[in-house]
Amino acid sequence: MEAQQAIRAYTYGKVGFDRIQEALASQAESALGAEESRALAPLDSIDAIRAAQTETDEASSYLERFGDLTLSNLLDVRAELDKAKVRLQLAGQEVWKVCVVLNELSRVRKAFVTIKDLYPSLFSISQDVKPFSSLAQEIERCVNQDGDILDDASINIAAIRREKIELQKTINKVLQDILGSETYGRAVQDRIVTMRNDRYVIPVKREFKDAIQSVVHDQSDSGMTLFVEPTRVIDLNNRLQILQSDEKKEISRILLYLTDLIAKAAPDVEKSLNVAGHLDFSLAKGRLARSWNGVKPSVSPNLETNLRNVRNPFVTDCVPITFSIGKDYFMVVITGPNTGGKTVALKTLGLTVLISKAGLFIPASEGCTVGLYDEVFVDIGDEQSIEQSLSTFSAHMSNIVRVLGQATRYSLVLLDELGVGTDPEEGSAIATGIVDFLYQKRVTTVITTHYSSLKLLAYRYDQIRNASVGFDVETLRPTYELILGSPGESHAFTICERLGLPEAVLALAHDELSNEHKTTTELMSRIVTDSQEISHTKDSLNVNQQELEKLRDDYEGKLALLEANEKQELKAAHAEAQRIVDEVSKRMDDLMRQYQDSLKNQPQAARDAKREVEVTRDELVQKAEPYEEKPPFTPVEEILPGDLVIITSVNKQAIVIDVLKEKRKLVLQSGSMRTTVPEAQVRKLTEPELNSYQNRAMQYSGAREPTLPFVPMKIDLHGSRVDEALEKLDKYIDVAYLSGLSFVYICHGKGAGILRKQIHEFLKTLPSIDHFSFSSPEEGGDGVTIAYFK
């Protein structure tokens, strides 16, 4: 276990996952949220990853829809709770700190009450946050925000403090009389009353210390002034000392009482605190996703990874990388010049896999998939160790030995500059052996290298692909673009030639290249040329395919038009048939009357004739049944939450709450009713239809029946004149009542209260209003009125 943790810590540091943990912690607003962020780790099961992704998704959407939820008062009071549980008396400030957290927990729970249907995961988590309003109210009755015990905390504390105040007034009056008397005027240094040793004293000159019967408690630094307690106030000061002692005892008793209350609630508070911390952690994930413009990747149990324009969040001006592995091949060899971005690409791949497994969104384009690897192993960077006297090569090999021993076919292995730090020929051979070993174990592996022998492996094994990082030979700068399917070159000779190295030196250098290297280079060049030709051919085929698809689309369009015309013609034919049937039926009725008149003497023949006529008419009617079109519907891809639609099966308006694309269904709200309806029964309202429905709802004056699919639950009348505000409110109340709302919020502000008073008087006159009241302090207090409908 320790070895595995060490390998993970090494991987996290090399690819930058530890920086992700800190970046996430910086997005948290509480110590508990930051603590959980720093403990972020990849998850092992698809279900756990998807659950974490759902939290991230809902948190991001919540922040976009409702704005940030400040949790700065979610303080870490675990130490205070631990003290309370062992009955160690909490100080007043500690008790108040717990009270602040209790109120914050209640606010957190309330914030998620109304989002059950929109964000079920966050709502479910928030329900584990318990309300502690009674305990918080009891603390607030006894302690203020500075931690001081209030007079209302107990009858005794109030009585003691009243007596103290009266006694202090008496002592002060006696001492002021002494200070102001002619008898002691010369003895007094200053006409002030002060305190020494918690007793009231006055300052007198040393030479007159015997002029006043008193007890000396202190003297000035110069010794010229003595602070004395006249005998006339000794008993009063003694009584004051007793009261102060009684007050301390009563304060201690009250704090111990509050400590016991907190101790009883401590287990539930701790659980709620951890849950609130997790909610803060989830919101931190949402904030991080929004700051990255992140997307939710799919997780593949088949070890397939497909990344589109993924970015490394810690690389400034990062060039996006598009990369795939696991479907047609499970090994990639990346080659190219130094500082060309090979290592960055390797780190970005490893980091993206880890943060995806941790349930975070990734900075990339939509449509990314990440394989569910059991572990990510890396060997990246300069591993030279002075302390262990290891060379770069030895340090790399020590690490790779651990990787080869622990990697499975379900792992992801990332090896940077495999085989460097030793003799190139030997290093190339060792690197080839390592790749062969991993290939036989079918371990998903990505390698960066300069060795040509590794490039050739892609043409020996069908499950290995080459890749390269782009290089601009004109500017001699890397483009950092990762190109799959094409091996890279070091461009050493090109760079030297552009930099002005003499041609004679280049010629001698070229002669020094081994025949094997030259052959390999020529072979690679031909392979690249062939690959480019194949790529061009593929592009041509793609163009031809696109043209064929365009032709197919044109034909399908024409076919649809023909079918539409056919439907119209068929509809017209049915109408004409119906007209003929009606005409024939009328004619038959006339004939029946004629038969009845002319065959009065042959009733049975008349009845037989009538029956035959009716059968003929029924057959014609059946053949001419009216043509019915299926009602049109709007595909779910064209509908968003908040859109107004018609439920065609019942001809009723509704608002879209959620779009279930995979199920081809929509969650709709119609008045107070919520239902899930198939896509085929829903049509999006057009602008003219919406205006028509709204106008009819505004003019409706009959019985209450929802006619509008959606009306806001709040109207803001801030800054409006009284007459304007009442006119707006009158129309809004009508529409809200018709839409089926149970209550509405009326924002009028506080100010001088004129608008509020007029609104309340107006509400009393409305027959649709049952009663009204001010909102809670969190929702605006007496600046917002809640009106409830009958």
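Each residue's number is its place along the chain shown, starting with 1.
Backbone N, Cα and C atoms are what each Cβ position is placed from, and that goes for glycine too.
Sequence annotations record features per position, and here TrEMBL assigns coiled coil to 150-177 (among others).
Per TrEMBL, the feature ATP binding site maps to GLY336, PRO337, ASN338, THR339, GLY340, GLY341, LYS342, THR343. All chains included, 22 other C-beta atoms sit within 10 angstroms of the C-beta of PRO337 (ATP binding site).
The average pLDDT for the coiled coil (538-601) in the predicted structure is 65. Residues annotated as coiled coil in TrEMBL: 538-601 (among others).
Per TrEMBL, the feature domain 'Smr' maps to 715-790.
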Looking only at Cβ atoms, how many others are within 10 Å of the one on LYS342 (ATP binding site)?
27
Counting across all protein chains shown, how many other Cβ atoms sit within 10 Å of the Cβ of GLY341 (ATP binding site)?
25
Using DSSP, how many residues of the domain 'Smr' (715-790) fall into helix, strand and coil, respectively?
34 helix, 19 strand, 23 coil
Residue list, the coiled coil (150-177) vs rest of chain: Cβ under 8 Å, 6 or more residues beyond ends.
141-144, 191, 193, 200, 202, 230, 232-233, 236-237, 239-240, 243-244, 246-247, 250-251, 253-254
